[in-house]
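Listed in Swiss-Prot for this protein:
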MOD_RES   Ala2  N-acetylalanine
MOD_RES   Ser5  phosphoserine
REPEAT    108-141  repeat 'TPR 1'
REPEAT    180-213  repeat 'TPR 2'
REPEAT    252-285  repeat 'TPR 3'
Amino acid sequence: MAATSPLRDCQAWKDARLPLSTTSNEACKLFDATLTQYVKWTNDKSLGGIEGCLSKLKAADPTFAMGHAISTGLVLIGTGSSVKLDKELDLAVKTMMEVSRTQPLTRREQLHVSAVETFAKGNFPKACELWEQILQDHPTDMLALKFSHDAYFYLGYQEQMRDSVARIYPFWTPDIPLSSYVKGIYSFGLMETNFYDQAEKLAKEALSINPTDAWSVHTVAHIHEMKAEIKDGLEFMQHSETLWKDSDMLACHNYWHWALYLIEKGEYEAALTIYDTHILPSLQANGAMLDVVDSCSMLYRLQMEGVSVGQRWQDVLPVTRKHSRDHTLLFNDAHFLMASLGAHDPQTTQELLTTLRDASESPGENCQHLLARDVGLPLCQALVEAEDGNPDRVLELLLPIRYRIVQLGGSNAQRDVFNQLLIHAALNCTSSVHKNVARSLLMERDALKPNSPLTERLIRKAATVHLLQ
């Protein structure tokens, strides 16, 4: 899929009131090419992919500060490495700062550089403040919009994720490159804050302009998931598959949503076929964090449903084990832990828990390490207790923090794996103190998401163990 608008040179960026401090037209165009692929979730072969564009960009102008900001920012926003452990990434941040100090930059560019440096330190809220400062004066700065959107997602700041786009949406007129994608970005924030009708309208508008917009497809997939519209969801994914399957950075995740509908229906073999055909190959090909959490979450959900996943955890473990000490995102950590527990690797499990505990004891300004003690570690311990067959302990750990788990980020659909963990623990508990917890949780789930086959199965299970009396 080639870029639909011509790539912008120095003058075009000036005309857009987003001037870039470089005299290289080639660098400006490669910056645009990189940004376009990031927004579209697609490595465009005709442009050389994101990696190809970034290496050519650095060659075109090694001192281009915004080139460094987008390059380093994309690695950081991928959450697959940390400056503490990845010396190359640490050097990239330092180089970006040095380059920015050697030349006069616009205030907007200075804020971009500062935001990336702040994000690298793990202070996501402060980084978002800096990106928001940019958007106040430059509402059509797509890089600030996308970086802040992703960071809000990692923070579980759902209202901010929505409102950040609401504030700038009117400025994105159809003549601006990538404007239709802003509809999709806005629709996701609306969906996560339960404005389903408005979200669907915007996502469908985006798709009418560009049917290959995989992120807007993704919003619609979420809406069907949250409303338990399983038949509609399956039909939508099947009919649109040819349009989004080439968006290589998001296709795996869209297949994950497809598989969730099948798990919801109890069609486990069909779900495993999607896993084996699309999700695992994507994980093994690129090891992106989104593919990692999709793989772990799906296998864990199937296991809770009583499905044998065979040796599949052994395929995931080599990827997750490399990240046991990263502690970039607590949300990621919980999923890495699912893999080491599922693969019965106590050494990796212990390494993750010990190093996370260490990080929580000297968090500095790192928002994830600050949250580890009260939310991240209890959640991780609950996963361990579930594996060890201690359902009452799982409840003791999770019930006090269940309304704080949103702070770990991810979407409502992704975090539902933790809701299911809590319900399964409640169904298996033995303590009289907890005998009515399953009933309460299931009534709540049924009220929020009526007509869910998965909830109906859990209610039947509760009835057989006399927990609904």
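Using N, Cα and C of the backbone, Cβ positions are placed for all residues, glycine too.
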Cβ under 8 Å to the repeat 'TPR 3' (252-285), counting only same-chain residues 6 or more beyond its ends: which ones?
214, 217-218, 221-222, 224-225, 228, 230, 233-234, 237, 244-245, 291-292, 294-295, 297-299, 301-302, 305, 307, 309, 312, 315-316, 319, 413, 452-454, 457
Looking only at the repeat 'TPR 1' (108-141), report the model's average pLDDT.
99
Mapped DSSP class for Ser5 (phosphoserine), helix or strand or coil:
coil
Quick check on the repeat 'TPR 3' (252-285): DSSP residue counts for helix, strand, coil, in that order please.
32 helix, 0 strand, 2 coil
